[in-house]
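Student: Checked Swiss-Prot, it gives:
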type	residues	note
BINDING	15, 18, 37, 40	Zn(2+) binding site
BINDING	119, 120, 121, 122, 123, 124, 125, 126	ATP binding site
DOMAIN	3-56	domain 'ClpX-type ZB'
């Protein structure tokens, strides 16, 4: 039985869990001699979701198997089967190494950091975020383009470790088992193959600065962030067991790989295969360390990232799946927003195809889907809170292409007023 709000103070009902009255909440659900409000229901659902998430990744020795990791990744990330397989094995081996590190001291297993290579919007960041969430370890992201060598204007490399420490609530032990994702590493490539008298503080200099923390060192982290001050007490964080995942689009890398495959060089005399013959993702899968070296990464930096996972371009079918299939799919997110207004939202197949094709045309991959949906739904989301008796909003192909207004279904009262 659903109890709605009443103005009669003598018969006021209260939530049996939080004690709020029916006037302070949206809904009260009645049970045998007890009531529970909508806020407590949401809280209970959050607790259950967290417990289910933790249960999914448990295995015999406490380290999730690659298949378990991949299975959970499938719930959130569409496609990229090869990249998910590579990541699952690498992450499993990393945390198995930590779990059994003290048992076998005769052989020391090295750390395998990961390089993610793929076009913009193919899911590099989402894969790293999802891995950290399902493993319940601290996670932080850094943009390589904002980093500079120590002593120059910009962000210190140590600030990455500070962010990880903050994500771990300043628990040093937890932070030392966390995951760091460094995005846009292709933007810190060496500006030229030839040595220069001018110092490259935001390119090769950043690669040099990252070497130590990626390999394993004790970083002195100022608790307040920013540049170091002599008066500050530093926190000591050992980065040996922190997993570093570096990602980048590496635009133009496929041409370097293609020229190697054809035996040619780079320049006017190079014979490069037409990029339309094969998709970029297929070419990137053939990447070798020498290709990354020619792109502008220094040998030491490449050596710190032994595991390389390449991601494919997303086609129309994959983008439509991304819109609808994952647990936190965009269509479901906007559907929930409309539910808060008491309205259901639906997209026709041709509308989804239109959205996917616009993202492909923009070359933004999955990252561009939200902005496209925002543009389509902006007018509706602006008007809807002030409208009455709207039951359903339907987005079809014409609406998605901006040639028509969204289709709205009204409740009985509105129909009665129209007929009158």
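Glycine is no exception: its Cβ is also placed from the backbone N, Cα and C atoms.
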Student: Name the residues of the same chain, 6+ apart in sequence, whose Cβ is under 8 Å from the Cβ of residue 15 (Zn(2+) binding site)?
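Tutor: Spatial neighbours, sequence-distant, of residue 15 (Zn(2+) binding site): 21, 25, 28, 35, 36, 37, 39, 40.
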Student: Excluding 15, 18, 37, 40, which residues of the same chain place their Cβ within 8 Å of the centroid of the Cβ atoms of the recorded Zn(2+) site?
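Tutor: After dropping the recorded site residues, what remains is 16, 17, 19, 20, 25, 28, 35, 36, 38, 39, 41.
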Student: Tell me the Cα distance separating residue 18 (Zn(2+) binding site) from residue 125 (ATP binding site), rounded to the nearest angstrom.
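Tutor: Answer for this pair: 38 Å between alpha carbons.
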Student: How far is it from residue 120 (ATP binding site) to residue 18 (Zn(2+) binding site), counting Cα to Cα, in Å?
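Tutor: Here the two Cα atoms lie 46 Å apart.
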Student: Mean pLDDT, the domain 'ClpX-type ZB' (3-56)?
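Tutor: Averaged over the domain 'ClpX-type ZB' (3-56), the predicted model reaches a pLDDT of 76.
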Student: Quick check for the class: what is the C-alpha distance, in angstrom and rounded, between residue 18 (Zn(2+) binding site) and residue 121 (ATP binding site)?
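Tutor: If we compare the Cα positions of residue 18 (Zn(2+) binding site) and residue 121 (ATP binding site), the gap is 43 Å.
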Student: For the ATP site given as 119, 120, 121, 122, 123, 124, 125, 126, which other residues of the same chain have their Cβ within 8 Å of the site's Cβ centre?
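Tutor: Neighbours found: 118, 247, 311, 365, 366, 367.
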Student: When the number of other CB atoms within 10 A of each residue's CB is tallied over all shown chains, which of the binding-site residues 18, 37, 40 has the maximum?
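Tutor: Of the binding-site residues 18, 37, 40, the highest Cβ count within 10 Å belongs to 37.
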Student: My understanding is the cutoff is Cβ-Cβ under 8 Å with a sequence separation of 6 or more in the same chain; which residues meet that for residue 126 (ATP binding site)?
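Tutor: Looking at Cβ-Cβ distances below 8 Å from residue 126 (ATP binding site), excluding near sequence neighbours, one finds 76, 77, 366.
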Student: Here are some binding-site residues: 119, 121, 123. Which one has the most Cβ atoms within 10 Å of its Cβ?
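Tutor: That would be 123, with the most Cβ atoms nearby.
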Student: Once the chains shown are all counted, how many other Cβ atoms turn up within 10 Å of the Cβ of residue 122 (ATP binding site)?
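Tutor: For residue 122 (ATP binding site), the 10 Å Cβ neighbour count is 28.
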